[in-house]
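Feature annotation from TrEMBL assigns domain 'Major facilitator superfamily (MFS) profile' to 22-438. The transmembrane segment annotation in TrEMBL covers 20-43, 63-83, 95-113, 119-138, 159-182, 194-213, 254-281, 293-313, 320-339, 345-364, 385-406, 412-433.
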Amino acid sequence: MDAIQAAQPIAQSRQKPNLFRVATATVIGTAVEAFDFLAYGTAAALVFNKIFFPQFDPATGTLAAFGAFASGMLARPIGGILFGHFGDRIGRKSMLTLSLLLMGICTVLIGLLPTYEQIGISAAVLLVVLRIGQGLSFGGEMGGAMLMAVEHAPPKWKAFFGSLPLVGAPLGILLSVGSFALVTRLPEEDFLSWGWRLPFLASAVLIVVGLFIRHGIDESPEFEEVKREKARAKQPLQDKMPLSELLRAHGKSLLLCIGCKIAEVTLIYTFLVFSVSYAVSKLGFSRADALHALLYGAGVLMFTIPLFGVLADRIGARRVCGWGGMFLGLMAIPIFLAVGSGSLVAYSLAVFIAMAFNYAIMIAPQSSLYSAQFPADLRYSGLSIGVQFSAAIGGGLAPLISATLVQKFDSIVPVGVYLAFLGIVAGASAFLMKPTPQDLRRG
């Protein structure tokens, strides 16, 4: 008995530094992946229509660039299935390392691509292929990072630690948008010739740093426990395909995760990609002003996500996520009225509120809430597929749907109506999900 009691402080002292390493690795790794993935979205809004799709008029070229953007988003569910399959069979850590490496290779190669003027339509084809590679990588990254943080976290801090990998997303936004805000200061000719390539090429340094930090973390303790239990029972880790078992036994939970996620991911990609193009082409703002609005929102978002994570640990992740969706349903139309007002101050304030509050409330509790929907041996697949199908449907189509609505109605208000509807769907989906222990404790 004394030996057991003496061992407990030692185990706890070991757990704390490991928890810190896991938190650091998931934040930095997700930030690097988000930077690489989102750099394309920023470039698509600013330059890709001119250098990869110059054969079209500006509006059609922008739609073509957004279509190539969507190809990466549509590849994310496939990445979620592949990485989730092996993450539930082999382990979380190795899949996270592989996803980061794949993202780095594809991003650097985008920065090295020849333009349409140099090799014709092959340039656009190669761009789409590399974008799909980015999508496969990001499809395995986010669910795995969320899972590693939650499965290492103490029971009372699941939502807070689960929110930390999600801080990597606004950090990636800051790096991506900030780097393009710098290179857009170059003369137009230099920016179109070589300046746009710099953020993609610079990501090589970030990838090396991310791989080094991620290499030092331990495997998920909950996954290790599942392996030990299966070994004692002399059962294979997965005697069935994770995807088929997930659909058979947890189809309802998967659909609710998709319904809950779709509003938040549509909101963020509408602002990251579509709103920049709209602000420059329709409102006449400078590229720098449009990007600065995103920077301010992303900067505050880094702090509001963990704050709402703490709130979710206090009152319940399901409750916070559900009311966050309903809040978007209430706020979406006023936000987009401000976006379309023509005032830079109103536009910047709308971006700030949407990112720092509407988005943060919905995304902060998701790691904890979604993890509670699936058993440990199917959790990587469940999280990755749920998150990435939402990203493909919502985020991938967000710029295209938004641009189409504006073209058809000659107003940005229908975009707000669309997001208000998705917010209500998200809120209802969250309230129908299995509660976390904190939700039950609060009644």
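Numbers run from 1 along the shown chain.
Backbone N, Cα and C atoms are what each Cβ position is placed from, and that goes for glycine too.
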*Would you mind listing the long-range same-chain contacts of the transmembrane segment (385-406), meaning Cβ under 8 Å and 6+ residues beyond its ends?*
41, 44, 62-63, 66-67, 69-70, 72-77, 79-81, 84, 138-139, 142-143, 146, 243, 246, 254, 257-258, 260-263, 265-266, 268-270, 273-274, 277-278, 282, 366, 370, 373, 412, 414-415, 418, 422
*State the mean pLDDT for the domain 'Major facilitator superfamily (MFS) profile' (22-438).*
87
*Flag the pair the transmembrane segment (254-281) / the transmembrane segment (119-138) as in contact if three or more Cβ pairs fall under 8 Å (sequence separation 6 or more).*
no
*Folded-back contacts onto the transmembrane segment (20-43), same chain, C-beta under 8 angstroms, at least six residues removed*: 69, 72, 96, 99-100, 103-104, 106-107, 110, 131, 134-135, 137-138, 141-142, 145-146, 148-149, 152, 161, 164-169, 171-173, 175-177, 179-180, 196, 199-200, 203, 206-207, 209-210, 213-214, 216-218, 269, 272-273, 276, 291, 399
*For the transmembrane segment (293-313) and the transmembrane segment (159-182), decide whether they are in contact, meaning at least 3 CB pairs lie under 8 A, counting pairs 6 or more apart in sequence.*
yes
*Same chain, outside the transmembrane segment (320-339) by at least 6, Cβ under 8 Å from its Cβ: which residues?*
159, 260, 263-264, 267, 275, 278, 308, 311-312, 346-347, 349-351, 353-354, 358, 361-362, 364-366, 369, 412-413, 415-417, 419-431
*Can you name the far-off residues of the same chain, 6+ from the ends of the transmembrane segment (159-182), with a Cβ under 8 Å from a Cβ of it?*
19, 23, 26-39, 41-43, 46, 142, 145-146, 148-150, 152-153, 196, 198-199, 202, 206, 268, 272, 288, 291-292, 294-295, 298-299, 301-302, 305-306, 308-310, 312-313, 317, 320, 355, 363-369, 371, 436, 438
*With a Cβ cut-off under 8 Å, give me the same-chain residues at least six positions beyond the ends of the transmembrane segment (194-213) that come close to it.*
21, 24-25, 28-29, 31-33, 35-36, 39, 43, 46-47, 51, 97, 100-101, 103-104, 107-108, 110-112, 175-176, 179-180, 183-184, 186
